[in-house]
Structures are given as C-alpha cells and as structure tokens.
Amino acid sequence: MKLLSTKTYGIGMAFSLEERQQLGIHGLLPPCFISQDVQLLRVLKNYDMKRDDLDRYVFLMGLQDRSEKLFYHVLTSDIERFMPVIYTPTVGLACQQYGLIFRRPRGLFITVHDRGHIASILQNWPEKDIKAVCVTDGERILGLGDLGCYGMGIPVGKLALYTTCGGMPPQQCLPVMLDVGTDNETLLKDPLYIGLRHRRVRGQVYDDLLDEFMKAVSDRYGMDCLIQFEDFANINAFRLLSKYRNKYCTFNDDIQGRGHLTHEKERFAHEHPQMNRLEDVVREIKPTAIIGVAAVPGAFSEQIIKDMSSFNKSPIIFALATPQVKLSAQLNSVTRSLRYKSNLSVIFLYLFVSETLSSYTIQGRGIFASGSPFDPVTMPDGKTLFPGQGNNAYIFPGVGLGVTACGIRHVTEEIFLTAAETLAEQVTEKDLTEGRLYPPLSSIQGVSLKLAAKIMEFAFKHNMATLHPEPSDKQEYLKSLVYNTDYEEFVVDSYRWPRTA
C-alpha cells in the first residue's frame with residue numbers, strides 16, 4: 001500500500017454501503033453510515049478530552065495520518081482555534097519532544113551521508129507533482145536553538161498551513177529535513193534522539209549537500225518548484241538565500257536577528273555610541289516603534305513600556321519573537337503582580353517570549369502585535385480589543401499559492417512587497433477599531449487568495465509568469481486550484497453492454 005493511500009481513502013464510516021461492497025471492506029466497519037460533518041463533531045469531542053496542547057497536537061497529527069481530508073476539514077472549520085496547536089506556539093514543544101511523538105514519516109529525511117544519492121531518495125517519495133518544498137537543517141528552530149533532526153516538525157507544520165490558509169493541495173507539498181548532525185549535547189546523549197549522532201558538519205561538505213539538494217529537487221519537480229528555507233541559522237540563512245535566489249525558485253521568510261548587525265540591517269541603524277541595555281536605547285532614541293524578533297531573555301521591561309507610552313501618543317510594540325515553551329516562575333509572579341496595580345499606565349499580558357513583557361495601555365492607545373495568540377482584552381470602559389498576532393502565516397501561504405499557480409521562477413522582494421500591500425488593504429476600519437493590525441485569522445483563506453491573485457497580476461505584468469495562457473479571472477483560476485476537503489466517491493464505474501452485443 002502506498003504511503004499516502006490511507007490518508008487519501010481513510011474516510012471510515014463515511015463509506016456508503018455500495019462503496020464498502022465494491023472496495024471489499026463491507027463487514028470491516030460498524031453498520032453505521034456517518035457523514036463528514038458528524039465525523040467532525042466526533043473529532044472535536046475527542047479533541048476537547050485531551051489534557052494539554054501537546055496531546056492535542058499528537059491527536060491532530062494522528063488524524064492527518066488516518067484521514068487527510070478530515071484533518072484539513074477540522075482545521076478549516078476553526079482556523080483561529082487550531083493554528084496555535086499545529087503551528088506556533090505548540091509546534092515548539094512538539095519539536096522538543098519529537099523523538100517521543102514520532103509515529104510515521106510525513107516528509108523526507110536526507111542526511112549529509114547521502115551525498116551523491118539525493119536524486120534517488122527523492123524518487124522514494126510517492127507523490128510526483130510537487131509544487132512546494134519546505135526544508136530545514138534544524139539549527140535554529142523557533143527560539144529554541146539547535147534541535148537537529150527534531151526540527152522536522154517545522155516544515156511539516158509550515159506546509160500544513162500552506163493547505164489550511166492558502167488552499168494548496170497537501171499532496172503537492174513536501175517537507176524535508178537535511179540532517180547534518182547537531183551541536184546540542186543533550187540530544188547527542190539522548191537514547192531517544194532519532195537523528196545523526198555527531199556534531200554538525202560545516203564548510204564545503206555542507207555546501208555541496210545543499211547544492212546537490214537544490215539541483216535534485218529542481219530536476220525532479222521542475223525549476224518552478226518552490227523551495228522555502230526554514231529555520232536555518234543566520235550564518236547560513238543569508239548566504240544561502242543570496243546564493244540561490246536568482247538561480248532557483250526559493251525564499252526564506254523567517255530570518256531573525258543575532259548579537260551583531262548583519263549587512264541587511266545596517267541601513268536602518270542610528271549613528272550612536274554603543275549601548276547594551278534596551279531600556280537605555282529606548283530612553284535615548286525615543287523610538288515610535290519597538291519590534292522584537294530575537295529571543296533575548298529579559299529584553300522588555302515595565303520601564304520600557306512606561307517610557308514608550310510617555311513620549312508616544314500611540315506607541316507601537318511588536319513582540320514578535322517566537323515563544324519559548326516554558327514560562328519561568330519568576331516571570332509568572334512578576335506579571336501577576338503587575339497586572340493588578342491600578343497606578344500603572346499599562347496592562348501587562350502574559351507573553352511566553354523568552355521572559356519578555358508586552359502590553360496595551362489602559363486607554364487602548366498602544367498598537368500591539370505579538371508572535372503568539374492572546375485572548376481579547378477588555379478595557380475599563382468596557383471596550384474589547386483584540387491583540388494582533390504578527391504571524392507570517394498571513395503571508396507565506398498566499399505567496400506560495402501565487403508563485404506556484406503561475407509558475408514564477410524567482411521570488412523577488414517585489415513579490416513580498418505586493419503581498420504586504422495587499423494584506424494591508426484587507427484590514428477594515430472595524431478591524432482597526434477593535435485593535436487588530438491584521439484581518440481575523442478566520443478570514444485568512446480569503447486573504448491568501450487575494451494575495452495570490454495580486455502576485456499573479458504582478459508576475460504577468462512583469463513577464464515573470466511561465467503559465468500560459470494568462471487566466472482572465474485570476475481569482476476564479478486560483479479557486480479552481482484550492483484543495484477540497486470534501487470526501488470523494490469511490491464507487492467503481494460499472495455499466496452493461498447492450499443485449500445485442
């Protein structure tokens with residue numbers, strides 16, 4: 001049986017009597033016929049019985065193995081509810097526990113010792129029409145650092161959002177783990193670790209592996225197959241993007257900061273003496289906005305939020321660093337005490353981001369976005385505000401759909417600018433009055449389709465598309481490509497010849 005066949009045909013008691021008879025499974029299922037919507041209710045009931053989000057993650061991944069269509073039917077039924085479980089923040093814990101929860105492969109594991117044979121390994125993947133590959137080497141997983149082979153959870157989760165948020169058929173998506181070893185001593189000593197048990201291979205051998213991988217993917221799936229780099233360390237991320245971006249269809253939407261300024265950030269820097277504390281920088285520079293994208297413990301403080309509120313009518317605070325799994329007891333007690341002090345000019349929310357703090361002003365003046373979802377906040381006047389989640393899921397599924405739909409060969413900065421401008425246009429006045437910086441996640445599929453349509457328009461206008469002829473109605477064309485979570489019929493086509501024959 002093919003690797004993916006059970007996920008495709010595993011519709012359980014939704015099989016009709018005729019289908020059960022023709023497929024030879026009659027009697028193997030209880031004598032009840034249940035629709036997909038009733039199956040959804042059963043999944044939700046089981047989901048609610050799980051004790052924590054990691055258990056819920058394992059449950060959903062098991063569902064993906066058994067019935068892919070039902071899995072995505074569940075996710076799209078309430079994206080806001082399930083995204084924090086299949087992606088940020090729960091996926092971080094899932095990666096840390098990947099050796100325990102691993103059940104079956106959902107992608108390809110390619111090691112540094114497979115050099116010279118990557119093309120053969122790609123042949124082992126049962127799907128041939130791959131449009132998007134998400135690849136990691138596991139060196140900088142979220143804010144957790146080097147998780148080696150356990151980093152496979154990231155491309156799996158990322159591509160699940162390609163389908164959930166962007167509508168790309170899951171059979172066209174391939175997660176890949178490039179295992180070159182790990183420098184994580186804990187993992188190297190862990191008997192449950194499922195990756196290579198040696199330190200990371202670097203230098204020319206590493207580069208040769210990447211060169212071979214990029215060529216092998218493009219040779220097998222075409223030059224318009226999108227290859228997304230995910231959670232590579234900065235030491236490799238920037239140079240690999242620069243090396244491949246004009247040769248292959250590739251991008252890296254997730255490059256974060258380190259202790260020094262990279263060349264790409266230098267043009268935004270202020271000429272100023274070196275300062276080591278963020279509090280001092282804020283007080284001296286008096287910024288209108290703070291964007292936190294590096295997991296530096298203790299970077300935000302109460303004083304920073306107070307200062308930002310004192311010299312800005314509407315301070316902009318984007319605490320976008322990916323959350324760590326465990327919240328320290330110290331931060332827990334600090335935020336609990338601060339939350340109820342009426343003399344503070346801000347309300348502090350729990351933010352599981354490397355022991356940092358984020359806030360709204362009591363007056364609702366702050367413009368806030370975080371890397372993790374938060375519950376709505378009710379102001380003293382009774383007004384409810386919705387903390388914005390600055391999740392790149394608003395961008396990459398739509399970009400992936402648009403790029404693959406019209407066969408773009410190179411992903412330029414202008415494509416991301418087009419996506420960003422289109423996303424901004426989707427924010428309504430109602431969203432803004434509710435404190436939202438992004439459209440509600442419940443509307444993300446529609447947002448992704450509009451992003452993809454605008455990207456297609458840009459591509460055809462600038463002769464970047466290889467799809468011919470150009471669709472006259474790009475929105476309708478994209479809708480025709482979107483994955484349908486409804487079950488297919490499996491009744492064998494049967495008929496009779498005429499009597500005279």
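For all residues, glycine too, the Cβ spot is worked out from N, Cα and C.
Record features (TrEMBL):
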ACT_SITE  Y87  active site, proton donor
ACT_SITE  K158  active site, proton acceptor
BINDING   R140, N391  (S)-malate binding site
BINDING   E230, D231, D254  divalent metal cation binding site
DOMAIN    64-245  domain 'Malic enzyme N-terminal'
DOMAIN    235-460  domain 'Malic enzyme NAD-binding'
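In terms of C-alpha distance, the listed recorded positions R140, K158, D231, D254, N391 place K158 closest to Y87 (active site, proton donor). Distance from the CA of the residue listed as 'active site, proton acceptor' to the CA of E230 (divalent metal cation binding site) is 9 Å.
Of all Cβ atoms in the shown protein chains, 23 besides its own fall within 10 Å of the Cβ of N391 ((S)-malate binding site). Cα of K158 (active site, proton acceptor) to Cα of D254 (divalent metal cation binding site): a span of 11 Å. Between D231 (divalent metal cation binding site) and R140 ((S)-malate binding site), the C-alpha separation comes to 5 Å.
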